[in-house]
Amino acid sequence: MSRPRRRGRDIHGVLLLDKPQGMSSNDVLQKVKRIYNANRAGHTGALDPLATGMLPICLGEATKFSQYLLDSDKRYRVIARLGQRTDTSDADGQIVQERPVTFSAEQLAAALETFRGDIEQIPSMYSALKYQGKKLYEYARQGIEVPREARPITVYELLFIRHEGDELELEVHCSKGTYIRTIIDDLGEKLGCGAHVIFLRRLAVSKYPVDRMVTLEQLRELVEQAERQDIPAAQLLDPLLMPMDSPASDYPVVNLPLTSSVYFKNGNPVRTTGVPLEGLVRVTEGDDEKFIGMGEIDDEGRVAPRRLVVEYPA
């Protein structure tokens, strides 16, 4: 007879993890899930093993709203190695071409300018995007290249930090779907020398406060501290979580009276005052404005439920 699966506890919120280098985003996710003993967990856009920085991890009911963070802006610090191109566009790949670095400061400035604003980007073969139901990196590992369509992205800000020898450091504020490795690879080709990423740190996701980031080591230390104090680890861990609706913080709020929210929570569109003309909204209820889910304004101006909170912390 097989043992019953361990369910974990109902804990809801978003942990802003400072991902360490050399670990996959999924490995980090599983460690956080175990530390919190959470019944559900999911991240909001993977970071490459080489990369460090902000990785929002959603626990419990917050996983329902992680999709809204996938659409948010990101900010990165990146260091590129000039003169070498790799098959993965980063230091984890194999060098496929080496060329001298001969561009001038003026040529660099002109090249950087072409990556600012609304541009189109062809994703790397080493990405998790799918082609005919299979991830691109699975084809790449078999030595197969498949067609990829250019996708529109926006680079809101591309800051030059330094150029020393064969290293170039930049800061990038960009829209969803932007591959920093691809920007560096494309920039290297435009400069005629090739380039690949040797350091990448995600500085920010959406409007999350950077000072709320924590490391795996800090989480483990809190667990050990709780053991020494003979208290539940949750007393020290749970205050680190951001609210479960924080992934959707960019959307306007509609507060429903309790007389209307009961219908909304049962899956029915409701009418109320002070709603926008269209689009998605965060829906709260009552005087304490408890978050109950995401809604969308329908053609009749009603708030229609889209994603509802089923469980809620007591």
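Each residue, glycine too, has its Cβ placed from N, Cα and C.
Per Swiss-Prot, substrate binding site is recorded for His43, Tyr76, Tyr179, Leu200. Long-range neighbours of Tyr76 (substrate binding site) (same chain, six or more residues apart, CB within less than 8 Å of its CB): Gly53, Glu171, Val172, Cys174, Ile180, Leu200, Arg201, Arg202, Leu203. Under the three-state DSSP scheme, Tyr76 (substrate binding site) falls in the strand class.
Listed in sequence order, Asp90, Asp92, Arg181, Leu200 are the same-chain residues at least 6 apart in sequence whose CB falls under 8 Å from the CB of Asp48 (active site, nucleophile). The active site, nucleophile annotation in Swiss-Prot covers Asp48.
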Would you mind pulling the longest C-alpha to C-alpha span across His43, Tyr76, Tyr179, Leu200, which the record has binding substrate, in angstrom?
18
Under 8 Å Cβ to Cβ from His43 (substrate binding site), same chain, six or more residues apart: give me those in sequence order, or none if nothing qualifies.
Ser25, Asn26, Val28, Leu29, Leu55, Pro56, Ile57, Cys58, Ser66
Give the three-state DSSP assignment (helix, strand or coil) for Tyr179 (substrate binding site).
coil
Protein Cβ atoms within 10 Å of Leu200 (substrate binding site), excluding its own:
23
